[in-house]
């Protein structure tokens, strides 16, 4: 949904009797909530698989949960707009509820973009956790710049008019940034976000070869993590549709659906790789080993503990044979020293 749409009021007596009368509201509701429920299903399975493997939730999981909450909020506010005639032509809408509907539409658009930003951030955090060196720096730059771009779009939704009320009530005095400028900026943010989605989708391929799983699984997980390309495509479609909007609510329905699809698809794409254990029928669900900083520290700590236990056992055995002086502890290799 494009928030703050300029909705001209027309009297029913001025209407051409041959004008079309459609209501896309029910269709919009169905598709939006279907996408939201599908994203929830993938998210719940992601969390379930993590607990099933004995893993705790990390920042990428919490950010992804926040993304779904934003998506659900956008779905709820969009449904509220539908009850106020959103999805109909402007001449079929109740003039008394247009201002209220436009006000709620600002929230619907805001949370839709926020869901997309958070879901992309979650996927980037996952890749950051698995990467090292220049690749980690590249992912960080992408994550920060995408959030700046989408964040500027979020801010502009509430600052493009003075006073702010004029965003949803065009009947009051005030001034707004020209619509052409806003559309071009939304196009830029959508296009940049889509390009970064495509780049992030191909980054998992070099990372997969560092994981201890067979070649077939590596390829499968890499393909699953590359599903973010679909989210990039939704951004490109939305970017292409924005210049064709004339202000009639029926024309913004498609943009609303593609905006919802962007966030929902990213949530699903970020969840798919974790679900691979559900398809391991013959083998036990052994978690894959990633070369992450946290797991390296944990592995080193476990090895040190094993060395201490070995020393204690040796000293106990020496005492049982009458040795009074304890055996010197083995010196751990430098690689196992936790700094």
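Just so you know, glycine gets a Cβ as well, placed from its N, Cα and C.
Small disclaimer: the values here were computed from a predicted structure and weren't measured.
Among the features that TrEMBL reports, transmembrane segment is placed at 30-49 (among others).
The domain 'Rhodopsin' feature in TrEMBL is assigned to 45-280.
A Cβ distance under 8 Å defines the sequence-distant neighbours of the transmembrane segment (61-86), meaning residues of its chain 6+ beyond its ends; these are 1, 25-26, 28-29, 32-33, 35-36, 39-40, 43, 46-47, 50, 92-94, 97-98, 100-101, 104-105, 107-112, 114-116, 118-119, 121-122, 125, 249, 256, 260, 263-264, 266-267, 270-271. Annotation comment: TrEMBL describes 61-86 (among others) as transmembrane segment.
Sequence-distant contacts of the transmembrane segment (98-118) (same chain, six or more residues past either end, CB-CB distance under 8 Å): 1-5, 7, 9, 63-64, 66-68, 70-71, 73-74, 77-78, 80-81, 84-86, 146-147, 150-151, 153-154, 157-158, 167-169, 171, 193, 231, 256, 259-260, 262-264, 266-267. Summarising the annotation, TrEMBL assigns transmembrane segment to 98-118 (among others).
Residues of the same chain lying 6 or more positions beyond the ends of the transmembrane segment (139-158) and with a Cβ under 8 Å from any Cβ of it are 3-4, 106, 109-110, 113-114, 116-117, 120-121, 124-125, 127-128, 131, 164, 167, 177, 182, 185-186, 188-189, 192-193, 196, 199-200, 203. Marked as transmembrane segment by TrEMBL: 139-158 (among others).
Marked as transmembrane segment by TrEMBL: 185-207 (among others).
The annotation transmembrane segment is assigned in TrEMBL to 219-237 (among others).
Residues or ranges marked as transmembrane segment by TrEMBL: 257-279 (among others).
Through the fold, the transmembrane segment (30-49) approaches residues 57, 61, 64-65, 68, 71-72, 74-75, 78-79, 256-257, 260-261, 263-265, 267-268, 270-272, 274-275, 277-278 of its own chain, all at least 6 residues removed from its boundaries and within a Cβ separation under 8 Å.
Using a Cβ-Cβ cut-off under 8 Å and counting only residues 6 or more beyond its ends in the same chain, the transmembrane segment (257-279) has close neighbours at 1, 28, 31-32, 35-36, 38-39, 42-43, 45-46, 49-50, 52-53, 60, 64, 67-68, 70-71, 74-75, 78, 109, 112-113, 115-116, 119-120, 122-123, 126, 197, 204, 217, 220-221, 224-225, 227-228, 230-231, 234-235, 237-238, 241, 285, 287.
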